[in-house]
């Protein structure tokens, strides 16, 4: 989207986006750090799906580490003072880690689908070494598919602008290519995940008709709902705003362009939300993760009570 001279500044939107990115960073780092600890110290049996989940954790942590810089960018009124190269590197890291996370979410869904719906396929006999090999290929593939030309910034009189979440101007062929890649990286995984999960639910309903096995079906349904909610909440708004960008890109009205930029900022910040929601998927994948998160929550509650107890005793002594 071509940027014009009309100002698109909105303190409310910039503060909201900056605050949201800060929360996503904190929650994403905490949730995925606990998951990483669980992988190293609590998970006793590693299977291919665990390898894919581990790579998802790494991708989410990588995404969370880039968010503080963009949060500061928005909280400072879209003023970027770190220079051209850091802008390029961080934008690449943001797009790359986000794409890797989506790829491993899709891989986990496909792995569960094949193991439950088609258990006799030879692909289900993959070794851990093969799973690590597939994971390495996914990382390399996403390096190639991450649009390099997105990572551009433009110098202004007072600061350097680092466009974060909306398409930038450039050659038409290059811009079209990066948009096609974006839609493929979102819509193709969403369609594949929806297909795999619907087939998984149908198969479980046929096989687990006994009343004592219904909790497994309910558990699977909840997991499917979480994954679909994750995609719908995180990526659907961004897809819609990208469509609006192409519909209204010929409009010269400043108000229209301002609205598109603000909508793109909000929708773009939502695409990073999946790193904070992924721990819910870990909990449904293995009880070890549920135990770790409960242990952390109990520890935090215990510290809060310990911090509140001195004031309570002081108040009681003077009553």
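Each residue, glycine too, has its Cβ placed from N, Cα and C.
Swiss-Prot assigns residue 52 and residue 117 to the same side of the membrane. When Swiss-Prot is compared with the stretches 132-152, 153-173, the one noted as transmembrane segment is 132-152.
DSSP states for the topological domain 'Extracellular' (241-265), grouped as helix (H, G, I), strand (E, B) and coil, give 19 helix, 0 strand, 6 coil. Most Cβ pairs under 8 A with the transmembrane segment (53-73) among the ranges 17-37, 181-201, 220-240 are made by 17-37. Note: the topological domain 'Cytoplasmic' (111-131) comprises 15 helix, 0 strand, 6 coil (DSSP; helix = H, G, I, strand = E, B).
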